[in-house]
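Asker: The structure under discussion is supplied below as structure tokens; questions concerning it will follow.
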Amino acid sequence: SDHMENICGYLMKYTNLVTGWQYRYFVLNNDAGLLEYFVNEQSRHLKPRGTLQLAGAVISPSDEDSHTFTVNAASGEQYKLRATDAKERQHWVSRLQICTQHHTEAIGKNNPPLKSRSFSLASQGSANSPGVQRRPSQNAVSFFNVGHHRLPTGKRVPIMQPDHLVDVREMMSQAEGQQRDLIRSIECLPASGHLTSLDQDLLMLKATSMATMNCLNDCFHILQLQHASQQKGSLPAGTTISWLEPKISLANHFKNGAAQNFPAEINKPASVREEQSIAEPCQLTREPEEINPDEELEDICDDKEDDLGAVEEQRSVILHLLSQLKLGMDLTRVVLPTFILEKRSLLEMYADFMSHPDLFIAITNGSSPEERMIRFVEYYLTSFHEGRKGAIAKKPYNPIIGETFHCSWRMPKSNVATDAGTNSSAHSSSEQVTLPKDPEGQAEPDYYTVKFVAEQVSHHPPVSGFYAECVERNMCVNAHVWTKSKFLGMSIGVTMVGEGVLHLLEHGEEYTFSLPCAYARSILTVPWVELGGKVNINCAKTGYSASINFHTKPFYGGKLHRVTGEVKQNMTNTVVCRVQGEWNSVLEFTYSNGETKYVDLTKLSVTRKRVRPLEKQGPFESRRLWQHVTESLRDGDIDKATEHKRALEERQRNEERLRAETETPWCTKYFLKDGDGWVYYKPLWKTVSAAQTQQTDSN
């Protein structure tokens, strides 16, 4: 094929933090399914400096820029590469993807029997290995008498036939039982002494045994799918492929030093059985539900989050987690321990970014485009303190697909800043154009209402959509965010991919903005969170923009949580406002006229959101969905919280598999796909436009 061509050329390869990017000569060998690189073209006849098997690899263009892409091999090795321009990147990515697909499919079609191997883990170590040097008389693995069955000489492993899947299932169940016994044995060891439960070799043994079982589970599922595809024509309607459950998760091994119980289904709490077997997803309508703000009550829930502090007692859990991770690894599918969770969903965290509705509403009251941009920047920077709960190193629940969150705020009109040059009659005349009159002729309330709705619109990748509007002030904001987590060694980085747009309909202005990255630092000592990265806010109509930098702490010295930024007029390149300070403490705004304004975020009043009581919420609304996890965390019962959380996650996985097997697409409830983004199904700008059209027609 013309597309299966061998290509070669120079690309930049990221090596490490010290060396950085370096030019290397890359060769794509389509026949062998290999990507090789050399120091330069002249050394091509020598042994390659590095080689990646492309079968099973994932080729991903990077979100960082239009030149970078990554090659993630099935072995876990990763090449981060950069082409000279977007066209060259596309050329390499397309050829690599074609080669990868060809060799991956070839493996699936050929499916040769695996050669049997026999070895003893106890004899793998050498006299020079660290484990033997520490304990010459006792090997950690031999202590548990891990054995492997040897196949008779000369016998080949038969090619697996479909009717053998039942036998495989039984063997897998036995292997999982042995793996659980191994974990129990390790975790029942004392925390100190000659051989402890925190032994590095044993932690690695736990991680590799778990990874092995997960890999076997995945392979078994592939066999089931192959069998199903072969029999597709003869399968009865409605037949689904069963899955060897449950997959092993970190939650099973949470508590160190105590044997874990794996109770039968009948012994699980009723609430857990309900979470796993609930039939509501099939019965629920995906039609949007209009939430009446009058049904919402001021939130009395005051879940103050204590920081994690020192994590000595959880060190074994964290070490166990770290033993499975590699630098740059995507953490989207990694099950994190429950003790690091906040008592709220990520969707509710997005709502908490709106905890200063007075500053939000005041944006549209600015008398000029310059002032409105500055007010938006002020609101934007003050939102992170309450949204992130300061710098507490905990993470919210990962929303399950279809999860929603609704709330609202009531803000007295007298508390919203206006502009001296803006009179109320001008606003009221604008409102009369777009808003319907009260049919009962009741007096206008003395408060503004800001309504908020969020929905988890995708599971892989995890994308959330959220929308807020203040009808009285003709303004709304629509955003979608894809959270990408990566392991960075002693920290975890979360990139917020996506975009938000603020619509000021009274002025016909749109402000596009992005969100900074978040980092959990010092995860083995006293974890803490900081924000980092550059974000931009732009208004194409007015020509004003803002550039904001969230500074991460330098290696030596420097302040924490620093932020700097400037607002400027793009046409004249004039800076009209500068800002500096800490996003969780005090911000200083300096204007072009020399005036300075200080905002102390710790003293800024927070307006409580209004939420419907649990009994009035739908089964997929965040607080009702996670109520058992939240209650267990409040009670300090981590094991129970873990069990409830695992039940929800297993239900989501089962439903996702069912949709994949039946080729049933997921239908969202409140947000519609729009290009690369998601838009609320009934945004205010459409409502206002329709009302204006209707009024014009009536005139």
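Placed from the backbone N, Cα and C atoms, the Cβ positions cover glycine too.
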Asker: Check each of the ranges 285-306, 615-636, 637-658 against TrEMBL and return the one annotated as region 'Disordered'.
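Answerer: It is 637-658 that TrEMBL annotates as region 'Disordered'.
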Asker: So how many of the residues in the domain 'PH' (4-101) end up helix, strand or coil by DSSP?
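Answerer: Counting residues per DSSP class in the domain 'PH' (4-101), I get 19 helix, 39 strand, 40 coil.
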Asker: So what pLDDT does the domain 'PH' (4-101) average out to?
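Answerer: Reported value for the domain 'PH' (4-101) is a mean pLDDT of 87.
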Asker: Please list the DSSP helix, strand and coil residue counts for the region 'Disordered' (637-658).
Answerer: 21 helix, 0 strand, 1 coil
